[in-house]
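Swiss-Prot has this to say about the protein:
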TRANSMEM  34-54  transmembrane segment
TRANSMEM  78-99  transmembrane segment
BINDING   HIS84, HIS183  heme b b562 binding site
BINDING   HIS98, HIS197  heme b b566 binding site
TRANSMEM  114-134  transmembrane segment
TRANSMEM  179-199  transmembrane segment
BINDING   HIS202  ubiquinone binding site
TRANSMEM  227-247  transmembrane segment
TRANSMEM  289-309  transmembrane segment
TRANSMEM  321-341  transmembrane segment
TRANSMEM  348-368  transmembrane segment
Amino acid sequence: MTPTMRKFHPLLKFINYSFIDLPTPSNISASWNFGSLLGLCLIAQIATGLFLAMHYTADTSLAFSSIAHICRDVNNGWLLRNLHANGASFFFICIYFHIGRGLYYGSYLYKETWNIGVILLFLLMATAFVGYVLPWGQMSFWGATVITNLLSAAPYIGSNLVQWIWGGFSVDNATLTRFFTFHFILPFIITAVSLIHLLFLHQTGSSNPTGLNSNLDKVSFHPYFSYKDLLGFVIMLGALASLSTFAPNLLGDPDNFTPANPLVTPPHIKPEWYLLFAYAILRSIPNKLGGVLAVVLSIMVLFLMPIIHTSKLRSLMFRPIAKTFFWALIANTAILTWIGGQPVEDPFITIGQIASGLYFLIFVLLIPSLGLLENKLLKI
């Protein structure tokens, strides 16, 4: 019998053991679809971004006009731009669901895979931030000014660091050029880190909803889960196409349709919706350095998850008390997202401070203590 080429060819062998003959737990739910959806988002963003970069001009006097030119004069340019802008929102929706699934089902106990995933989240946030500056609208300019200015809170080197990033004494042409460079290169770095993420995942195999060892009950990835992923692709691409054609500016900011003007400050400076929860945490601390540290820690706290997991059970499926607080964390993050989009006035300031405190309280105190409590109650 002739040996199957995909099992022996050096290149095909890697693809085969990653996407075809990969042993996969038979009971993984649709929650496990988000990893492949993130891969699709990355491919879509690189593809649309590459075509947009062909027509974009990274110059303060031409950037805004070049976006208008893409939308008006380039064949299907409006569609490329809308797919790219809304594709970023879908990217974040998928990554937040992916992280939520990891927290719910205890996937963070695969330490290397989890830690690389958190690094990917940082890279994605950086890419989205520098990308938001490129259209050079009012919110682009003032968002860049406010967020980069936060680095001045760093002791001793702060002001020098900000000027180094700006390439001058204010956000100007040099800033836009380097932000475009970063926005172009970061997706390729994300692709490389994603491959490392997959490499570590395939060392251990996927977890499953029960949190139990699934070695006794595995099936090949293809055709069972490849078709399941394909259904996810169809649903997500359909939703993205619908949003990009019927309501392309639904998630954007109207201020960004006004060219950047350093002399006029918008009434309310805010980032895109997917970074609002971090922005709310930033604003809830009255001290500048404290706010910056709180934002960084709000993501870095995810690195602690494998360390603070004290329960003998992996998944929240069999942990009713911890499950309640998991959903409280989700609700709390939704409240922070809402607060980040509101003006800085009461009662929003107070709500933001309470929600920020609860966010860290759930992670640092409640997760480890609930694990110990449930062990005691279950006598395990």
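Glycine residues also receive a Cβ, built from the backbone N, Cα and C atoms like all the rest.
Counting only same-chain residues 6+ beyond the ends of the transmembrane segment (114-134), those with a CB under 8 A from a CB of the stretch are 56, 58, 63, 88, 91-92, 95, 98-99, 102, 107-108, 140-141, 143-144, 147, 175-176, 179-180, 182-183, 186-187, 189-190, 193-194, 196-197, 200, 271-272, 274-275, 278, 299-300, 302-303, 305-306. A distance of 17 Å separates the Cα atom of HIS202 (ubiquinone binding site) from that of HIS98 (heme b b566 binding site). HIS202 (ubiquinone binding site) has a Cβ environment of 15 other Cβ atoms inside 10 Å. Pairs of Cβ atoms less than 8 Å apart link the transmembrane segment (78-99) most often to 227-247, out of 179-199, 227-247, 289-309. Sequence-distant neighbours of HIS98 (heme b b566 binding site): residues of the same chain at least 6 apart with a C-beta under 8 Å from its C-beta are PHE34, GLY35, LEU38, GLY117.
Note on HIS183 (heme b b562 binding site): other Cβ atoms within 10 Å of its Cβ, all shown chains, come to 22.
Rounded to a whole value, the Cα-Cα separation of HIS183 (heme b b562 binding site) and HIS197 (heme b b566 binding site) is 21 Å. You'll find the Cα of HIS197 (heme b b566 binding site) roughly 24 Å from the Cα of HIS84 (heme b b562 binding site).
Long-range Cβ contacts of the transmembrane segment (227-247) within its own chain (Cβ-Cβ under 8 Å, at least 6 residues beyond either end) map to 30, 33, 36-37, 40-41, 44, 79, 82-83, 86-87, 89-90, 94. HIS202 (ubiquinone binding site) falls within a helical segment according to DSSP.
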